[in-house]
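Enquirer: The following block contains the structure, expressed as structure tokens.
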Amino acid sequence: MNADLHCHSTVSDGWLEPVEVVRRAKANGVDLLALTDHDELGGLALAAAAAAESGVGFVAGVEVSVSFAGETIHIVGLGIDPGNPDLIAGLRQVRAGRDARARRMSEALAAVGIAGALEGAHRFARNPALVSRAHFARHLVASGVMPDVRTVFDHYLVRGKPGFVEHEWASLEDAVGWIVGAGGIAVVAHPARYRLSAADMTRLLDRFVAAGGEAIEVVSGAHSDDEMRRFATVARQRGLLASRASDFHGEKESPVDLGRCNLLPSDLTPVWSRLI
Ligand code: AMP
Ligand code: MN
Ligand code: MN
Ligand code: MN
């Protein structure tokens, strides 16, 4: 089973339209695909229709932005009902915060001599309700400020750098609650990417499970092999379901293509055992 349960389309900060994501997944041999745009469900209907047409198994997903212990955490929801009113309302609220944050980011960049960043980011954001740091980064690359997206993040868009602004996303309990309430399985996305102390990571997983969370990305396009082994151990110790996820955004920006991730360690219970 080639499952890839986390990726992005133009509905958030991916480069491909939802239908193009499905086509690429099909071409790469993906059997089961979840589209998980940031804080948005708008691509799911088109992707599901394209998947049904091309014979790719499809899971409706979302990646919710959460604030926890001063860090941004991403919680993926898999197998959600995209029509669930509480999920829709919750995500609308999270997206509304993005607007104000994008304006503050633009002001912060203007203060270090980079004018017009909000307009620039909007040129890369196909969904005006979903401006991500990735869109700012693409604009700064296109306007010649920095050579590539990774370098923009390192110099401007991470905590302590001039274009970073603190922002309060959803609470962990709300995000997991919306997902579970919509019939989905909540998954901790790319756990190795968070700058949390060991104690805060333990608290994150305790509260995630207490709120009804059940799964963790063991294999992620954002994980090294060592990180994969570390979180395989976490999944075993806590009895969590394991997910496999490229987190694909586009050919130029993503280290791992759709469906091309490592295999899950064979003793773990794959999250897709509950999705098919
Ligand atoms: P936001 O949700 O607006 O904070 O943007 C987060 C998005 O920015 C992530 O989903 C990635 O697409 C991208 N991103 C975050 N950190 C990096 C990085 N170091 N290099 C490249 N892209 C990044
Ligand atoms: Mn992204
Ligand atoms: Mn993420
Ligand atoms: Mn993602």
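Backbone N, Cα and C define each Cβ position, glycine as well.
Bear in mind that the values here come from a model prediction, so they are computed numbers and not experimental data.
Below, the features straight out of TrEMBL:
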type: DOMAIN; residues: 3-68; note: domain 'Polymerase/histidinol phosphatase N-terminal'
Enquirer: Can you work out the mean pLDDT of the predicted model over the domain 'Polymerase/histidinol phosphatase N-terminal' (3-68)?
Expert: 98
Enquirer: Could you tell me how many residues in the domain 'Polymerase/histidinol phosphatase N-terminal' (3-68) are helical, how many are strand and how many are coil under DSSP?
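Expert: The domain 'Polymerase/histidinol phosphatase N-terminal' (3-68) comes out at 21 helix, 20 strand, 25 coil.
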